[in-house]
Amino acid sequence: MLICIPDVLSKDEVAEFRRIMDAAEWEDGRSTAGAQSAMVKRNEQLPPDGEAARLLGQRVITALTKNPRFLSAAIPLQIFPPLFNRYTSSRGDHFGIHVDNAVRGDPLTGLRIRTDLSMTLFLAEPDTYDGGELVIEDTYGSHEVKLPAGHAVLYPSSSLHMVTPVTRGARVASFFWMQSMIRDAHVRSMIFDLDTTIQSLTERFGRDDPDAVKLTGIYHNLIRQWAEV
């Protein structure tokens, strides 16, 4: 399940993020990579323990917890503190094909999560850089993702993925992982489809529509059956 989530941040918020990030110090992105990923990773990151990363990361989480599409698709239990990276053409930055670590731990908070879902939140407009596509592989093939600034993509952490070399400009983004209440990706996808259908019925016929009410009951009973909290 690959889901695009528009307007997580407004254009003004993106501009403010970029001002803070441009004024911050950056470090080698391999510092947060696993052993396999570090061999194919070339980019820069904001230090995870730095003031900029912590401030902006909390603002990303706040925005997501107000986003109905994200909450419906992810059904999040824990969100890992967002990280921030930059791929520049001057260094030929890229991130080769890899899969994310199954478990992530944050040494600053002690948080440990199972990585069910990965998210990239784009912070540079696509016409300001060439290359830098996020390529995600699944059973249906490869999917290239390059979204407007402020938009995000959510995808299974079990997916092989890569970032193609940046050949002009700079690709700037936030990336992070989350543990869902619903461990099984197939079940999570079906529940998301059900929730989307309920929302559509409610918009068309109102919250008191008998079919919408019945399906809402089914939705909550499925969550009750499958949720790990």
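Cβ coordinates are placed from backbone N, Cα and C, and glycine is handled just like the others.
These numbers come from a predicted model, not from an experiment.
Mean pLDDT for the domain 'Fe2OG dioxygenase' (78-180) in this predicted model: 97. As annotated by Swiss-Prot, domain 'Fe2OG dioxygenase' applies to 78-180, with the evidence given as sequence analysis.
Around D100 (Fe cation binding site), a 10 Å sphere centred on its CB holds 20 further CB atoms from the protein chains shown. When secondary structure is read from DSSP and collapsed to three states, D100 (Fe cation binding site) falls in the coil class. Here Swiss-Prot flags H98, D100, H161 as Fe cation binding site, drawing on sequence analysis.
Residue density at R171 (2-oxoglutarate binding site): 28 other Cβ atoms are found within 10 A of its Cβ, drawing on all protein chains shown. The 2-oxoglutarate binding site feature in Swiss-Prot is assigned to R171; the stated evidence is sequence analysis.
For the pair formed by D100 (Fe cation binding site) and R171 (2-oxoglutarate binding site), distance between Cα atoms is given as 20 Å, rounded to the nearest Å. Listed in sequence order, I97, H98, V99, S118, L134, V135, I136, E137, Y155 are the same-chain residues six or more apart from H161 (Fe cation binding site) with CB atoms under 8 A from its CB.
Residue density at H98 (Fe cation binding site): 18 other Cβ atoms are found within 10 A of its Cβ, drawing on all protein chains shown.
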